[in-house]
């Protein structure tokens, strides 16, 4: 992929975050999501690339913007060969979550981000819109912990990898009825639990960095977000595993899920022969080149949220590349057209 693309996708997540942040604390999660989607789509279509949404806002019939299978980018036009360079015509798979944690934005709570991951065609698993059991852990524990291990064993491994006690660890778990037993096991092992209502991509990311105070993510969340998390943690060299969960009795989400056998059949039709397989992050995000970007909408462990001032806004963005093996934190001041801010604060 073109190195220039890494700079251009920064603007994609920045604009989505700014749009959503205008609705922070207003109690309207649907509008926050809608404006983020619209801003992200508009920016994607200004980039000289040939992109295809593989994880997005639903199917074509369910979502007018950024639906699965939608083509984005200038080079998707029929006459693209006339003005796009050869490298810009290479097909790219894109996974997006324009407003991860819409409820967090609506309530003015921490942990919401605008997120995007890209790879060459076939480089990201086309995860179905079901659930996934997830395990994220620091790079020091990569390949040592496992989804099939009980929480107590994984916590002991993580503690030893980080040269600390289990009681020093904090594990993020989504606050769901299905996690009652998991939470009990973590606490009985001696670790602390941080419950979140939404936003497990942010939590998985935090587990991949030292100094966030988060040492693992455990539990069941959405499968598409699992692929995006895997893309980020693969670039970081951290640990991520996922297993698709499709049994309504396990999920306990209160939303409709098809009968188990029907889902198993659909997964096989999509090429997933073993629906109970434990996926490594290198399988979920298998591309030779993987790029991840996220801009904070509200404050989080890694990035501050969007801050507005007279004449503009300020954003913090995280960009991780498997190709260049870089992690960049980008602090950007956005000035409104025709307006000059009275002052620019250094921090």
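Yeah, the Cβs are placed from backbone N, Cα and C, and that goes for glycine too.
Taken from Swiss-Prot, the feature Mn(2+) 1 binding site covers 33, 57, and the record attributes it to similarity to another entry. When secondary structure is read from DSSP and collapsed to three states, residue 33 (Mn(2+) 1 binding site) falls in the helix class. Taking the Cβ of residue 33 (Mn(2+) 1 binding site) as reference, residues of its chain lying under 8 Å away and at least six apart in sequence are, in sequence order, 20, 98, 99, 102.
Its own atom aside, the Cβ of residue 225 (Mn(2+) 2 binding site) has 24 Cβ atoms within 10 angstroms in the protein chains shown. Residue 225 (Mn(2+) 2 binding site) falls within a helical segment according to DSSP. The Mn(2+) 2 binding site annotation in Swiss-Prot covers 97, 100, 225.
According to Swiss-Prot, the feature substrate binding site maps to 100, 101, 102, 131, 176, 177, 178, 198, 199, 200, an assignment based on similarity to another entry. Reduced to three states, the DSSP call for residue 178 (substrate binding site) is helix.
Separation of the C-alpha atoms of residue 178 (substrate binding site) and residue 225 (Mn(2+) 2 binding site): 18 Å, rounded to the nearest whole number. Taking the Cα of residue 199 (substrate binding site) as the reference point, the closest of the binding-site residues 57, 97, 100 is 100.
Spread of the substrate binding residues is 21 Å (greatest Cα-Cα distance among 100, 101, 102, 131, 176, 177, 178, 198, 199, 200). Compared over the binding-site residues 57, 97, 100, the count of CB atoms lying within 10 A of a residue's CB peaks at 97. Residue 57 (Mn(2+) 1 binding site) carries neither a helix nor a strand DSSP state and counts as coil.
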